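Novice: Here it is, the structure in full.
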Amino acid sequence: MVLVWLLLLLTLLAGARLLWGQWKLRNLHLPPLVPGFLHLLQPNLPIYLLGLTQRLGPIYRLRLGLQDVVVLNSKRTIEEALVRKWVDFAGRPQIPSYKLASQHCPDISLGDYSLFWKAHKKLTRSALLLGVRSSMEPRVEQLTQEFCERMRAQAGTPVTIQKEFSVLTCSIICCLTFGDKEDTLVHALHDCVQDLMKTWEHWSIQILDMVPFLRFFPSPGLRRLKQAIENRDHLVEKQLRRHKESMVAGQWRDMLDYMLQEAGRQRVEEGQGQLLEGHVHMSVVDLFIGGTETTANTLSWAVVYLLHHPEIQWRLQEELDRELGPGAAGSRVPYKDRARLPLLNATIAEVLRLRPVVPLALPHRATRPSSIFGYDIPEGTVVIPNLQGAHLDETVWEQPHEFRPDRFLAPGANPSALAFGCGARVCLGEPLARLELFVVLVQLLQAFTLLPPEGALPSLQPHPHSGINLKVQPFQVRLQPRGGRGEGPGPR
């Protein structure tokens, strides 16, 4: 009986809070509101949200749990908010699962905007650009070469390449962050990331985020999430201890060495203190959560599209043969010279346009009263950029749903996509992700022709339960080794 009364009281308080919030906004010029809650049941939410723009325009509000959120569906509105008015929208809402995932200390991806957040972001970016800059490309190339050798051992037989890509990207992050690519560590971290993301994306956690007072009630999903986070932290702490015991001052073997030594030196602005070991811990978490499955998923989508478009694969291999010589599997195009392979760059851009890393960007929060597209945006408003929607806008892109890499080959023919976000919260791992996409596809297409199993082209539709990322539906591919004449699939 007490539980029933408590639930009733919490419901009444939530309703009163919602009504009070609506009353305070009565005199503002707000974006139009989508009534009801049925949008939460849509299987492909970004596409559904884009469809609403036909009658509501590129910006509108919809109800998400106990609050209204503003959705941005065009490149123009997204860039107005996140680039031109980035300070106004650099905040992050304090969602229950975000707080739980960041229990060690605020991280970069989920942490709210502050001076500490700026210093934390600077430390992690420096680790990527300075700490391992000279060794990043050689390590990615070496690990990709080992990956191709493993694939060669399975040549001609159907391979579930999504998992292989996932292990590859995890080994790259392990090598750059910990200086270690030992199989046991790689697979432990890979399984940890898989378990954490699967648990986090479960419907029970999504409901908890939308109706926060439910956290006071028993939840098996919440228990599983706490256990997954505990496992994650155990693995990271073990590496932190190992590095502190063995690192040499003034030298760094990997990003973790660099961050541990630099954290104490980077003072936060206005004398508010300095970064702590907990910040380094969460930087490592961000690198693994944001840098493994996202890149592996993009590589998987690239393979899917090339299986559906063998004429593009043939042209890509022709481009590689022309630049490197037929069958030159040992030759490389340095990433700084990537302009030598314009079609490959265009293909990567087109895959990222159609299947952005995160279709709905993580929510932003208005740090002060502002406006977007002429509408008032009160302080504290949650704003969600629909990146995939912006990439499929028919007013910007010709035949937006078609896979056409050539659209990026004509100078100025199309605007750049927003696959990694933009503004202050653009993905820190974008340079590494783009390097990985380039190196892996170069080596893969040099070494193999990608073929579907007999009569089994993969689906172009995302997995119906994709979660944060637009996941590929399970599929297999046959990797046919290329001979010395540079054979490709041939034009269709």
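Quick reminder: no glycine exception, Cβ is built from N, Cα and C everywhere.
Fair warning: this is a prediction, and the values are worked out from it, not measured in the lab.
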Novice: If Swiss-Prot gives LYS121, HIS364, ARG425, CYS427 as binding heme b, which of ARG92, ARG150, ARG152 does it give for that site as well?
Specialist: ARG92
Novice: Under 8 Å Cβ to Cβ from ARG92 (heme b binding site), same chain, six or more residues apart: give me those in sequence order, or none if nothing qualifies.
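Specialist: Residues satisfying the criterion: TYR98, LEU110, GLY111, ASP112, TYR113, LEU362, PRO363, HIS364, ARG365, ARG425.
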Novice: Which entry in the list of binding-site residues, LYS121, HIS364, ARG425, has its Cβ near the fewest other Cβ atoms, using 10 Å as the limit?
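Specialist: Least crowded of the binding-site residues LYS121, HIS364, ARG425, by Cβ count within 10 Å, is LYS121.
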Novice: Within 8 Å of the centroid of the Cβ atoms of ARG92, LYS121, HIS364, ARG425, CYS427, which other residues of that chain place their own Cβ, given that this set defines the recorded heme b site?
Specialist: ALA90, ILE108, SER109, LEU362, GLY421, GLY423, ALA424, VAL426
Novice: What kind of secondary structure is ARG92 (heme b binding site) part of, going by DSSP in three states?
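Specialist: Once the DSSP labels are grouped into three classes, ARG92 (heme b binding site) ends up as coil.
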Novice: Quick one: pull the CA-CA distance for CYS427 (heme b binding site) versus ARG232 (17alpha-hydroxyprogesterone binding site), whole Å only.
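Specialist: The Cα atom of CYS427 (heme b binding site) is 21 Å away from the Cα atom of ARG232 (17alpha-hydroxyprogesterone binding site).
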